[in-house]
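A.B. asks: Got a structure for you, questions after.
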Protein chains: 4
Amino acid sequence: MNSNRLEAFSDGVLAIIITIMVLELKVPHGTDLASLTPVLPVFLSYILSFIYVGIYWNNHHHMMHAVEKVSGGILWANLHLLFWLSLIPFVTGWVGENHFAELPMALYGVVLLMAAIAYFILQNRILALQGKDSLLAKALGKDIKGKASPIIYIVAIIASFYSPWTAGALYILVALIWLIPDKRIEIIFRENE
Amino acid sequence: MNSNRLEAFSDGVLAIIITIMVLELKVPHGTDLASLTPVLPVFLSYILSFIYVGIYWNNHHHMMHAVEKVSGGILWANLHLLFWLSLIPFVTGWVGENHFAELPMALYGVVLLMAAIAYFILQNRILALQGKDSLLAKALGKDIKGKASPIIYIVAIIASFYSPWTAGALYILVALIWLIPDKRIEIIFRENE
Amino acid sequence: MNSNRLEAFSDGVLAIIITIMVLELKVPHGTDLASLTPVLPVFLSYILSFIYVGIYWNNHHHMMHAVEKVSGGILWANLHLLFWLSLIPFVTGWVGENHFAELPMALYGVVLLMAAIAYFILQNRILALQGKDSLLAKALGKDIKGKASPIIYIVAIIASFYSPWTAGALYILVALIWLIPDKRIEIIFRENE
Amino acid sequence: MNSNRLEAFSDGVLAIIITIMVLELKVPHGTDLASLTPVLPVFLSYILSFIYVGIYWNNHHHMMHAVEKVSGGILWANLHLLFWLSLIPFVTGWVGENHFAELPMALYGVVLLMAAIAYFILQNRILALQGKDSLLAKALGKDIKGKASPIIYIVAIIASFYSPWTAGALYILVALIWLIPDKRIEIIFRENE
């Protein structure tokens with residue numbers, strides 16, 4: 001079995017997740033600027049979630065490129081990842097409609113954490129099939145980003161109950177870590193080691 | 001006519017079905033744990049339905065892999081399957097919002113039963129084209145899982161009216177039967193015969 | 001430019017149209033049979049619309065198979081067809097929620113009529129590129145189905161205002177004409193000529 | 001990395017955007033012509049937005065056809081474009097439900113403007129990789145349409161506050177500029193220079 005249909009299905013689900021979130025932006029009834037105010041926090045959380053799903057699609061795209069054969073385990077590990085990502089529209093809406101309150105912010109982090117763990121499991125499944133000397137293993141290296149992200153999520157989840165804005169800043173931080181092109185980061189990390 | 005576009009269309013529909021269910025998870029208005037309570041049963045039914053659609057996608061993926069030519073009959077048998085699967089978000093929402101009440105649980109089983117029958121028809125259409133000695137015919141073997149599932153569904157539908165939780169347990173059982181990798185099951189069945 | 005991406009995009013839109021209709025099946029609040037009653041007419045109109053979109057996908061699939069080059073005109077003729085098909089969920093919901101009332105039934109027919117005309121335009125665009133001796137031209141023959149359908153739709157639209165059920169029967173009739181495999185119909189028509 | 005999966009993902013997102021808009025056409029409760037009245041402006045804005053997304057898909061289709069390698073920058077420039085396009089259903093609903101009021105009309109233009117800028121960035125990223133002598137660079141020529149559109153959008157945004165209908169006319173004008181086949185326009189522009 002090849003990976004084409006797995007990619008096509010994942011693309012479809014990710015495309016729907018990224019687009020369905022916009023439905024949480026409820027069309028306001030008024031026509032003045034004030035009527036847009038309740039939409040603003042939902043819009044801000046939409047931007048962050050859009051970037052997160054974009055990052056996942058991007059990384060998924062790269063990882064699957066290295067995969068030729070798909071085992072049953074990879075298939076379910078992939079569905080497991082899609083499951084947690086499919087909850088992003090729900091927590092995005094909850095966070096946005098409640099102006100970044102404590103519990104919604106924490107649950108947002110929990111979903112991101114579970115998605116990161118699911119991605120880690122999928123990655124390990126693929127690496128187990130490909131071996132330590134594979135191109136993917138080399139490309140990942142020490143996978144510092146992959147290991148740092150869950151730790152930051154856990155800190156952010158705890159922080160949510162004391163300072164939701166700190167949690168928000170940490171979620172933005174993780175997104176930035178992944179957005180900045182790899183090579184430069186890798187050089188920075190190498191120099192710091 | 002080849003099977004590529006049939007697979008692509010089915011992938012699209014299955015991807016939308018699996019993602020649209022999350023829209024039944026209505027964003028709660030409060031921000032405390034109590035406000036999440038009404039979402040919990042919908043979430044549980046979402047998990048089960050997600051796994052079911054995942055199983056169907058997985059099996060569909062394998063079966064279509066063996067298909068080269070697509071007849072008009074296969075095309076409509078496939079649409080018939082997608083029709084019943086498209087009703088899963090509806091019954092999932094009904095079951096979840098009513099805390100696993102009798103009739104919703106029974107209807108959930110009816111939709112699963114009809115999908116299983118539709119899958120069986122599709123499979124037979126494909127086997128009729130491919131012959132008894134085809135790889136697909138051999139891979140299916142006695143197709144014990146495919147035959148046991150509808151029977152368990154029927155038992156569960158009847159059980160719904162007496163004990164909805166028993167019905168729920170049976171739906172989970174069928175999902176587990178399909179989730180556990182085939183080979184081991186086949187060995188178990190062979191040893192028991 | 002080849003036709004692959006046109007097919008992929010059309011598949012995506014058709015897959016979404018066919019699945020989005022299920023969102024019109026509002027999850028009822030009660031848990032008894034009576035609470036399903038208002039869903040029933042929506043369900044019936046869903047079945048008919050599902051079959052119609054299925055027929056369009058099926059025919060589109062066959063027609064595009066014969067297309068190698070895609071011109072700008074074909075691209076927009078295709079989008080024009082998708083536009084009218086995208087209105088099917090709206091009229092399906094309107095018909096279903098109003099128990100097949102006069103005006104909704106008529107509008108349902110108008111959308112089907114416009115889709116049929118759009119399909120006819122797309123088909124002619126493709127035939128113009130391919131020539132009278134092309135495989136597609138031969139496969140279509142006199143295209144009796146394609147010419148009869150709009151006429152039946154017009155009759156049904158007018159009938160809607162006097163007897164909505166007659167209109168419904170005519171919509172079902174057209175669906176049946178297309179569902180019955182081509183060859184047999186062609187033989188029947190040949191014998192009758 | 002090749003451009004196939006980028007195209008497939010973009011196709012998916014665009015297909016969902018174009019279809020999700022139809023959900024803003026709320027099924028009316030009455031069955032007479034009057035009950036359709038509130039739907040009419042939403043329908044008109046739906047037509048315009050459908051054409052806009054169609055134009056973007058069309059142009060995206062052509063541009064990506066010229067792309068063989070996809071860099072990280074192109075990937076994110078593409079997601080940036082999809083982000084702004086994903087807001088079209090929201091502004092379409094807002095414009096339609098408020099009968100083309102001032103602020104909604106202006107915001108509609110802002111989203112179109114941002115999408116045009118995002119498209120321009122994506123195009124430049126691709127041209128930077130391909131060089132000035134590439135087929136794409138030649139096909140674009142002076143890219144008068146691409147440069148005129150943002151200017152017209154800005155005029156329309158300002159006009160919205162004085163005369164929303166003028167803004168609407170300008171949005172229709174831009175759509176027409178892109179709809180009319182390229183070659184003829186180019187000839188006209190050449191003759192006028």
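Indices start at 1 and increase along the chain as displayed.
Heads up, the Cβ atoms here are built off N, Cα and C, so glycines get one too.
The following feature annotations were taken from TrEMBL:
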TRANSMEM  C:9-27  transmembrane segment
TRANSMEM  C:39-58  transmembrane segment
TRANSMEM  C:70-91  transmembrane segment
TRANSMEM  C:103-122  transmembrane segment
TRANSMEM  C:151-180  transmembrane segment
A.B. asks: In the same chain, which residue numbers or ranges, 6 or more beyond the ends of the transmembrane segment (C:39-58), come under 8 angstroms Cβ to Cβ?
C.D. replies: 11, 14, 17-18, 21-22, 24-26, 28, 81, 85, 88-89, 92-93, 95-97, 99-100, 108, 112, 115, 119, 171-172, 175, 178-179
A.B. asks: When you scan the chain for residues with a C-beta under 8 Å from the transmembrane segment (C:70-91), skipping those not six or more beyond its ends, what do you find?
C.D. replies: 1-3, 6, 10, 13-14, 17, 20-21, 23-24, 49, 52-53, 56, 60, 104, 107-108, 111, 114-115, 118-119, 121-122, 125-126, 129
A.B. asks: Any contact between the transmembrane segment (C:103-122) and the transmembrane segment (C:151-180)? By contact I mean 3+ C-beta pairs closer than 8 Å, pairs at least 6 apart along the chain.
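C.D. replies: These two segments touch.
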